[in-house]
Amino acid sequence: MKPLNIIFAGTPDFAAQHLQALLQSQHNVLAVYTQPDKPAGRGQTLRASAVKILAEKHHIPVYQPKSLRKVEVQENLSKLNADVMVVVAYGLILPLAVLQTFPLGCLNVHGSLLPRWRGAAPIQRAIWAGDKKTGVTIMQMNEGLDTGDMLHKVCCDITPTETSTSLYTKLANIAPKALLEVLDGLEQSLFKAEVQDESLSNYAEKLSKEEAKLDWSLSAEQLERCIRAFNPWPMSYFVTQDSQGTLQTLKVYQASVLPHQDKPCGTILAADKRGIQVATANGVLNLEQLQPAGKKPMSARDLLNSRADWFKIGQVL
């Protein structure tokens, strides 16, 4: 088993953790591709990606093309003479010319048990849908969206209190090891490629702020999953009205499900030390930790101590 010469393509912290694992392995990272620096923060100063920061720390050449479709970009990639390209949350489409550049192909690390969730938000959609388990798939890339042949899968449970933040951490802990196992056996074809079953695929649509608004016509169970799935972004929220008639927006960090009461959806049933209880299509959603605009997250009890007028019994949200 000889060391492989690798081009790594990735952008966020999740990708950087895989790059770190490669740097600590027997394999050679020849170069890194990552998205261009982007404005961030109040000052909108350009900020480098987590992958770029790590690569520069280890004196690895960094390339940041806006697209991989240009011929000169593809020629530069080919001149690096790598055995394989490893892609983790890169954010750019790989055209066929790039996919055909490397003798051992392009490997992708995807945060779901394919073909269950293809697309941009597999971690969040697994929680949103109520899946009991998820995992990571290492696949050989093709021109489709997460449709390539699967080489290796590793699983993990989704707990009843799992948020996207905690699940992201779980997957980041198990995925790099799975990637290295595949790379170590790639030349010997130790992992048999498995074609995905199209009938089992779902599209993990990108999250939006609009979707994050709590829809009381859904069930309490669905809403509780949304709250966990949309944490840390875009954060589930709802709007209420104070005694002056001013609209107040609150993000929800934690909630639980209580037995159903036959009241119109969105009706505030109770507001006490246990939480703020709201009727839904099926079951009651008990809001336990919330964040008013401009404030830190707080318990329902603490919020009610100062803002009880925001939550009148019988009020419909």
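Positions of Cβ are set from backbone N, Cα and C atoms, glycine also.
In Swiss-Prot this protein carries:
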type: BINDING; residues: Ser112, Leu113, Leu114, Pro115; note: (6S)-5,6,7,8-tetrahydrofolate binding site
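Swiss-Prot feature annotations superimposed on the structure.
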{"residue": "Ser112", "record": "(6S)-5,6,7,8-tetrahydrofolate binding site", "contacts (Cβ under 8 Å, 6+ apart)": "Arg118, Pro122, Ile123, Arg125, Ala126, Thr134, Gly135, Val136, Thr137, Ala204"}
{"residue": "Leu113", "record": "(6S)-5,6,7,8-tetrahydrofolate binding site", "contacts (Cβ under 8 Å, 6+ apart)": "Lys133, Thr134, Gly135, Val136, Thr137, Lys153, Cys155"}
{"residue": "Leu114", "record": "(6S)-5,6,7,8-tetrahydrofolate binding site", "contacts (Cβ under 8 Å, 6+ apart)": "Thr137, Met139, Asp146, Met150, Lys153, Gln196, Ser201"}
{"residue": "Pro115", "record": "(6S)-5,6,7,8-tetrahydrofolate binding site", "contacts (Cβ under 8 Å, 6+ apart)": "Asp146, Thr147, Gln196, Asp197, Glu198, Leu200, Ser201, Asn202"}
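Excluding Ser112, Leu113, Leu114, Pro115 themselves, the residues of that chain whose CB lies within 8 A of the CB mean position for the (6S)-5,6,7,8-tetrahydrofolate site are, in sequence, His110, Arg116, Trp117, Arg118, Pro122, Gly135, Thr137, Asp146, Met150, Lys153, Gln196, Ser201.
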